[in-house]
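Engineer: Pasting the relevant annotations from Swiss-Prot:
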type: ACT_SITE; residues: Pro2; note: active site, schiff-base intermediate with DNA
type: ACT_SITE; residues: Glu3; note: active site, proton donor
type: ACT_SITE; residues: Lys58; note: active site, proton donor
type: BINDING; residues: His104, Arg127, Arg169; note: DNA binding site
type: ZN_FING; residues: 260-296; note: zinc finger
type: ACT_SITE; residues: Arg286; note: active site, proton donor
Amino acid sequence: MPELPEVETVRRGLQPVLEGARLTRVEARRPDLRFPFPERFSERLTGKTITALGRRAKYLTMHVQDGPVLICHLGMSGSFRIETDDDGETPGVFHHERSKSTAHDHVVFDVVAADGARSRVIFNDPRRFGFMLFAEGSPETHPMLAGLGVEPTGNTLDGVLLASLLKGRGSPLKAALLDQKLIAGLGNIYVSEALWRAGLSPLREAGTIARPSKKARQQSERLAEAIRSVISDAIAAGGSSLRDYMHTDGSLGYFQHSFAVYDREGEPCPKPGCGGHIERVVQSGRSTFYCRTCQS
């Protein structure tokens, strides 16, 4: 499933085409994805100007003038692609063959920019776990977004805040970090990478780094910094291309080439002087990768 860096990469890819453009045609080619499309879906968007394209956690938000806010989730395999009048490959940009059948093109947005340039934005989702819903008013009050926790970007998430979120929690540290009500947008890949950078075991009790001790304060600060840096690095690399994820132009993200532990079972730990090896364990049905030698 695309995580926050992948969704942010998609947002940045769509933004130049969608923001300020007018929706001249909106076509939903089936009645539902994971959920049914909102009533009068096409009618309520057609003719509207897109004022902003935002992101909250793993959700995209499309704001239109005098209309509802469209909330979109990519699900397991959802992706957008952009088609223009000039669809030649951009020099210097890596492209790969699309493996997805156009039979899974479920939503089409035709837009015209202020300068008259026309584009088509297509949502493709083979597994149909993605969805599009309307928020009337602020999207922050929509049930899908209302309970989300702090964003792991910028400097909001620091050691003090992280310790307050984890205080008293007896669940494994990795499980607590995946709780979207605490920190919004973190997923399996980047939690594993952040815990390795911070030198903390995913198996340890979450509340142990929130104790009133110097060591715990250092651990919470180290983990907060690791979370922020992993997310920032992944966004800069365009996300991680695993299985279904691709950019809006069909190119791949590259952060997977920087993985220290994720999907590297049996390999030597890359931390200098460690000497350990990456192990895989299953937590709550998900694979966890870590080094027991340098993560405690």
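Along the chain as shown, residues are numbered 1 onward.
Cβ coordinates come from backbone N, Cα and C, glycine included.
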Engineer: Would you please pick out, from the binding-site residues His104, Arg127, Arg169, the one with the fewest other Cβ atoms within 10 Å of its Cβ?
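Structural biologist: Across His104, Arg127, Arg169, these binding-site residues, the one with fewest Cβ atoms within 10 Å is Arg127.
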Engineer: Looking only at His104, Arg127, Arg169, which the record lists for DNA, tell me the maximum pairwise CA distance in angstrom.
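Structural biologist: Output for DNA binders His104, Arg127, Arg169: max Cα distance 42 Å.
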Engineer: For each of the active-site residues (Lys58, Arg286), count the other CB atoms lying within 10 A of its CB, then report the residue with the highest count.
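Structural biologist: Buried the deepest by this measure is Lys58.
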Engineer: Distance check, please: Cα of the residue listed as 'active site, schiff-base intermediate with DNA' against Cα of Arg169 (DNA binding site), rounded to an integer number of angstrom.
Structural biologist: 27
Engineer: Going by DSSP, is Arg286 (active site, proton donor) part of a helix, a strand, or coil?
Structural biologist: strand
Engineer: May I ask for the distance between Arg286 (active site, proton donor) and Glu3 (active site, proton donor), taken between their Cα atoms and rounded to an integer number of Å?
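Structural biologist: Cα-Cα, rounded: 15 Å.
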Engineer: Measuring Cα to Cα, tell me the gap between Lys58 (active site, proton donor) and Arg127 (DNA binding site) in whole angstrom.
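Structural biologist: Per the Cα atoms, Lys58 (active site, proton donor) and Arg127 (DNA binding site) stand 17 Å apart.
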Engineer: What counts of helix, strand and coil residues does DSSP assign across the zinc finger (260-296)?
Structural biologist: 0 helix, 12 strand, 25 coil
Engineer: What's the CA to CA span in angstrom from Arg127 (DNA binding site) over to Glu3 (active site, proton donor)?
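Structural biologist: Glu3 (active site, proton donor) has its Cα 17 Å from the Cα of Arg127 (DNA binding site).
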Engineer: I need the CA-to-CA distance for His104 (DNA binding site) versus Glu3 (active site, proton donor), whole Å please.
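Structural biologist: Each residue's Cα considered, His104 (DNA binding site) and Glu3 (active site, proton donor) end up 21 Å apart.
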Engineer: Between Arg169 (DNA binding site) and Glu3 (active site, proton donor), find the distance joining the two CA atoms and give it rounded to the nearest Å.
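Structural biologist: Taking the Cα atoms only, Arg169 (DNA binding site) lies 24 Å from Glu3 (active site, proton donor).
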Engineer: Kindly state the mean pLDDT of the zinc finger (260-296) in the predicted structure.
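Structural biologist: Its mean pLDDT is 96.
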Engineer: For the active-site residues listed here (Pro2, Glu3), which one has the lowest count of neighbouring CB atoms within 10 Å of its own CB?
Structural biologist: Glu3
